[in-house]
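Undergrad: Submitted below is the structure of interest, expressed as structure tokens.
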Amino acid sequence: MFTGLHDILIILFLLVTLKIAQNVDHTKFLQKYGYLTSGDNQLSSESLSDALKNMQRMAGLEETGELDERTIQMMERPRCGHPDVEDHQKSRGKRYAPPQFKWKEKIITYGCKAVGTSTRISLDDLRRTMHQAASQWSELADVEIVESSVKNPMMVISAGRENHYPCTVRFDTKTLAHAFFPTNGQIHINDRVQFAMTNYTERMGANSLYSVVAHEMGHALGFSHSPDIDSVMFAYDTPRKWKFTSMDKYNMRSYYGAKASKKENEEEERKTENEDKRRKTEKDRGRTREHESDDIRPNECRVENPIVVQYRGEYLIFKSQWVWRVSSDWKRLIIKAVPINQLFPGLPNPIDAAVTVGHNLWVFVGEMIYVIYGNHMVHAPLRLSDIGINEKYVDLAYEWHYFNPPAVYIWKGSRYWKLDEKMYHRRVDERYPKDTDLNWARVPKGVHSAFTYEKEIHLLRGNQVFRMNSSRSVFDIADGYPQPLQSFFGFCPRNEKLVLNSSSSHFSLIYATITILILIF
């Protein structure tokens, strides 16, 4: 009996030891790729959960904050050795390298270094894949990436094993390669890996050398990792037909300038012209788009027909080409109205709708969806059709806290869709669209925006706010509503709100008087 108990205790001890070792390995992973500070051995459960959520977001996984099976499997996959979170990103919250990490020249040279001790990757393989990657990247911007025989080319690619001198970053068994930002430009390929000479990785264990080289060249050009699995800058070499996404192209052009192309210019002009026509002829919208007045900074206390969204514990208010931030209790104006491009670089305007989806902000402009984390776009813009909505634009979007976690709904006309949380909000639920009259028959006609306050949906029509009461069996308008939007603005002087509220009351009084006169006569 004693022997049996002794054996059980030994097994339990080994299992606990194995579990601790696994956790240590996963902590080292998070430290290696920038999610945790190296050397921090006293981690709180909250900081570890936050690090896991950030890692999961960059890996395209559900952000559980837990070391679940899918997360562990992703950590075990071959990947690039470059950190996912740079030091400058920790301080600035940016997802891409800042502009100083780029080449200033229009002609960027590269060289292929003799492999030396390599037994798997030949110099010809490196030259061929570098030429292919350089040609592809060069097509995206006003820059030429060319092989050169000069003594010190700007980029240098070589292959090596665990300790590859003079690099101080050691390869491990799961690292395919790593590279360094300008003006270092070094690209190192792990010679221990058996690479396939294909254009993309077709299956696990057959990593494409070209895919890896194209990715590492992106780092050598100044770009960080992207959470978009379709992007060339996705950190994990997953079997897929990767491509240069719209965000990859946008970043390349923003760093190195766009190529002058008559065809592209004509196409862009045609798109702009069509967009102008679309916006001018939309008569079924619930709000009027301003044109000449867009350049005038709006009065935050007298705004009309804005788009309001709750994001990161505060409210964003969009109006034409402007945006400002308000505290979650509506009492403080955090920043006054600034151009949208100043707060969200690259975001077009005016916007149609906005909603928080997980940790991201989704902004709808025409048929495009811009996904923002912090104040920067995290991947290429989506189209409405990408998530299963075949419309040219949407009217409004909101989070509904009737569910836990909150559900995300998108409206257009008399139909609405729900994002499918099982698909990580990448598609709408296949049971939709549905008619708004099914559950929302009491919503007033002509609403143009929606936001969440005190976990209840608030709908905007003009300057009127309708609070929907989800605690009742029938979703109707809460008692005491509608109210003027300005009644929420605790940051405005009292006389500003009085003027606006009295204007609304005055209009209601006139309307009531006319109604009474009609009934009398």
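These residue numbers are counts, starting from 1, taken along the chain as shown.
Just so you know, glycine gets a Cβ as well, placed from its N, Cα and C.
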Undergrad: Look through Asn199, Asn501 and state which residue has the annotation N-linked glycosylation site in Swiss-Prot.
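TA: Checked Swiss-Prot: the N-linked glycosylation site annotation sits on Asn199.
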Undergrad: Scan 22-29, 78-85, 158-165 against Swiss-Prot and say which stretch is down as motif 'Cysteine switch'.
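TA: Going through 22-29, 78-85, 158-165 one by one, Swiss-Prot flags 78-85 as motif 'Cysteine switch'.
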Undergrad: Taking the Cβ of Glu216 (active site) as centre, how many other Cβ atoms lie within 10 Å?
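TA: For Glu216 (active site), the 10 Å Cβ neighbour count is 26.
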Undergrad: Report, as numbers and ranges, which residues of the same chain sit near the motif 'Cysteine switch' (78-85): CB under 8 Å and 6 or more residues beyond its ends.
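TA: Same-chain residues near the motif 'Cysteine switch' (78-85) but 6 or more away: 32-35, 54-55, 58, 169, 171-172, 174-179, 193, 207, 212, 215-216, 219, 224-225, 235-237.
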